[in-house]
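Enquirer: Sending over a structure as structure tokens; questions will come in a sec.
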Amino acid sequence: MAFFVHALQELRAPSTQWHPVQLASFPGFYTCSSFGGRLAVIAGENNGVARRVLEYRADDSNSNNNRQLSTDNSVLQQLLAIQQTPSQDELSRILSVELSQWRENPRHATVVLGWLAKHRLPDLARQVLITMVASSVETNVIHYNAAISACEKAGKWQLALSFLSSMPDMSVAGTTISYSAVISACGKGGQWHLSLLLLGTMPDLRLVPNIFTYSAAISACEKAGKWQMALSLLRGMPDRSVPPDEITYNAAISACEKGEQWQLALRLLSSMSDERLVPNRISFSAAMSACGKGGQWQLALRILSSMPDMGFAPDKISYSAALSACEKGGQWELALSIFCSMHDMRVERDRISYNAAMSACEKAGQWQLALGLLSDMTHIKVAHSTISCNAAMSACEKGGQWQLALSILSSMPVMGIGRDAISCNAAISACAKVGQWELAHILLARMPEIGIGPCDISYNAAISACEVAGRWQTALKLLSTMIDVRLTPNKITYSAAMSACERGGRWQLALSLLSGMPDLKIAPDRISYNAALSACGKGGQWELTLSLLGGMPETRCLPNDVSYSAAITSCEKAGQWQLIISLLSSTFVCTYVLLSNVWCTRQS
């Protein structure tokens, strides 16, 4: 800490002429980069000065420094102009002058490696390090940390681990900074278990985790949805004399959000004041998202309305979190009200907020409003995304507007928007709802042509189209194709196929499908049984219908009004009035409705 204060005083002194590579060699500094004659130095090792940024303007009269920076910039421009990672010979040629300077003073290489980190070029940083070693340039921990930083920014966790593991072979000892960067890289790559493993090995190496280390580890758990581990790390920080800060709390709240633990997220938010920490917009937005996923849209709105009292004006992220909460809670009117209020509050409405508003309309089947929002995006020049078009198509699907859904799907390539499985599934489902089985079949067949592999949802939607149209042969063919392409049919698949057989009067096939479900480890549910019951009922198989009905409780499927209605209809067709009375007297399911249906049938 004393060193830092001294350095700060020196930096503030007008006569100070520091060179970037000199600062890079000081203990406690994380990285340094030159930006047009200015140098940003970020403190890393010292917990007491973490995240403090110093700036100074280099003295233009220092010709040696300017010459070095000019040379570095020239080399950097050459390196950045290379389209592919160069060979060692090519890199040696580009760095021929610099390598001789680096042999005399290895600190000069830090600027180049720092720039490569900034531009997220880890492979090029690796080649520079290899060239340095091959050219007998001394490599130190600062060089490796810069290379690891490049990996972390680019999400190359394997390469980051490779750098860390190769350091001992070069007689370079890793530091807390090294491990923190690799932990962060692993977290961004979804390797949360490796992040925790690295954190656990640090004490054995006599390395003390700091606030950066814990933030990286908690963020790794957050990205993987491991909220229990994130909370465990947060609670253990005081025992390691590392007090949590806003960033670690925000990561823990986000972990709870991903784990749908809205109560814990709110508890963390309220406990920040106990640690003398002030929640920020990220804290509030993460808590609102957690409430949204937990169906607590009222609480999300309460948090949004309380932000100004806490001294924070909600931003577009905050509003989008509240919008999403209302969308998930089926409150499309409130979602649109919040969306409109963003304009009144002069908060930018971006693609995320538009998508959330459209999704709210989609869930409510408000296809006109969804299309209006999609059109508005074009008007105010907010770029559409795949999610935007998918939400609009799904809204059209729910509203029975299959032509509009197909129109959006076909226009996506023209707008330069990629189509995914959700896009195709929405269009197939739109066709399915109105019985356009041929179009649904064509869309399914063309998915591989545009580089999209059909999934079980795609096949289920196409089979449902066949069900509506009574095309039982096509439905069974699609079911067989699913198995051939190694897709696993589910209850929805079989229920739709059985319903198609029922509409086609093929009760035997419906029963065969029902009996074959356990062989594929698919437990029939009430919908599956009801489809088979209806097929047998329409086929006049009243004995089989009653047998199926009686066997439902054995499979833990309790009959409902649809089940009894199918059985009663079957008995009615066979003139089994005593059985009908017996069925009605033994149940409490919609007696009046069922009797009315039977009476209407007899009268007709």
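Here the Cβ of each residue, glycine as well, is placed from N, Cα and C on the backbone.
Heads up, TrEMBL stuff is auto-annotated, nobody curated it.
As annotated in TrEMBL:
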- 140-174: repeat 'PPR' (REPEAT)
- 175-209: repeat 'PPR' (REPEAT)
- 210-244: repeat 'PPR' (REPEAT)
- 245-279: repeat 'PPR' (REPEAT)
- 280-314: repeat 'PPR' (REPEAT)
- 315-349: repeat 'PPR' (REPEAT)
- 350-384: repeat 'PPR' (REPEAT)
- 420-454: repeat 'PPR' (REPEAT)
- 455-489: repeat 'PPR' (REPEAT)
- 490-524: repeat 'PPR' (REPEAT)
- 525-559: repeat 'PPR' (REPEAT)
- 577-600: transmembrane segment (TRANSMEM)
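Mind mapping these onto the model and telling me what they sit next to?
Expert: Remote same-chain residues near the repeat 'PPR' (140-174) are listed as 24-25, 30-31, 106-107, 109-110, 113-114, 116-118, 120-126, 128-129, 132-133, 181-182, 184-186, 188-189, 191, 194, 205, 207 (criterion: CB distance under 8 Å, separation of at least six residues from the stretch ends).
If one looks beyond the repeat 'PPR' (175-209) by at least 6 residues along the same chain, the residues whose Cβ comes under 8 Å of a Cβ in the stretch are 30, 44-45, 141, 144-145, 148-149, 151-152, 155-158, 160-161, 163-164, 167, 216-217, 219-221, 223-224, 226, 229, 233, 240, 242.
Counting same-chain residues at least six beyond the ends of the repeat 'PPR' (210-244), those with a Cβ under 8 angstroms from any Cβ of the stretch are 44-45, 47, 50-51, 176-177, 179-181, 183-184, 186-188, 190-192, 195-196, 199, 202, 251-252, 254-256, 258-259, 261, 264, 268, 275, 277.
Sequence-distant neighbours of the repeat 'PPR' (245-279) (same chain, 6+ residues past either end, Cβ-Cβ under 8 Å): 211, 214-215, 218-219, 221-223, 225-228, 230-231, 233-234, 237, 286-287, 289-291, 293-294, 296, 299, 310.
Within its own chain, the repeat 'PPR' (280-314) is flanked in space by residues 246, 249-250, 253-254, 256-257, 260-263, 265-266, 268-269, 272, 320-322, 324-329, 331, 334, 338, 345, 347, which lie at least six positions past its ends and keep a Cβ under 8 Å from the stretch.
Using DSSP to sort the residues of the repeat 'PPR' (315-349) gives these counts of helix, strand and coil: 26 helix, 0 strand, 9 coil.
Under DSSP, residues within the repeat 'PPR' (350-384) fall into helix, strand and coil as 26 helix, 0 strand, 9 coil.
Through the fold, the repeat 'PPR' (420-454) approaches residues 386, 389-390, 393-394, 396-397, 400-402, 405-406, 409, 412, 461-462, 464-466, 468-469, 471, 474, 478, 485, 487 of its own chain, all at least 6 residues removed from its boundaries and within a Cβ separation under 8 Å.
Listed by sequence, the residues of this chain that lie at least six past the ends of the repeat 'PPR' (455-489) yet keep a Cβ under 8 A from its Cβ atoms are 421, 424-425, 428-429, 431-437, 439-441, 443-444, 447, 496-497, 499-501, 503-504, 506, 509, 520, 522.
Cβ atoms under 8 Å from those of the repeat 'PPR' (490-524) belong to residues 456, 459-460, 463-464, 466-467, 470-473, 475-476, 479, 482, 531-532, 534-536, 538-539, 541, 544, 548, 555, 557 of the same chain, restricted to positions at least 6 beyond its ends.
Under 8 Å from some Cβ of the repeat 'PPR' (525-559) lie the Cβ atoms of residues 491, 494-495, 498-499, 501-502, 505-507, 510-511, 513-514, 517, 566-567, 569-571, 573-574, 576, 579, 587, 589, all in the same chain and six or more residues away from its ends.
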Enquirer: Determine which residues of the chain contact the repeat 'PPR' (350-384) at the Cβ level, with the cut-off under 8 Å and only residues 6 or more beyond its ends counted.
Expert: 316-317, 319-320, 323-324, 326-327, 330-332, 335-336, 339, 342, 391-392, 394-396, 398-399, 401, 404, 408, 415, 417
Enquirer: Would you mind listing the long-range same-chain contacts of the repeat 'PPR' (315-349), meaning Cβ under 8 Å and 6+ residues beyond its ends?
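Expert: The answer is 281-282, 284-286, 288-289, 291-293, 295-297, 300-301, 303-304, 307, 356-357, 359-361, 363-364, 366, 369, 380, 382.
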Enquirer: Looking only at the repeat 'PPR' (175-209), what is the mean pLDDT?
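Expert: Across the residues of the repeat 'PPR' (175-209) the model's pLDDT averages 95 on the 0 to 100 scale.
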Enquirer: May I have the DSSP-based helix, strand and coil counts for the residues of the repeat 'PPR' (175-209)?
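Expert: Counting residues per DSSP class in the repeat 'PPR' (175-209), I get 26 helix, 0 strand, 9 coil.
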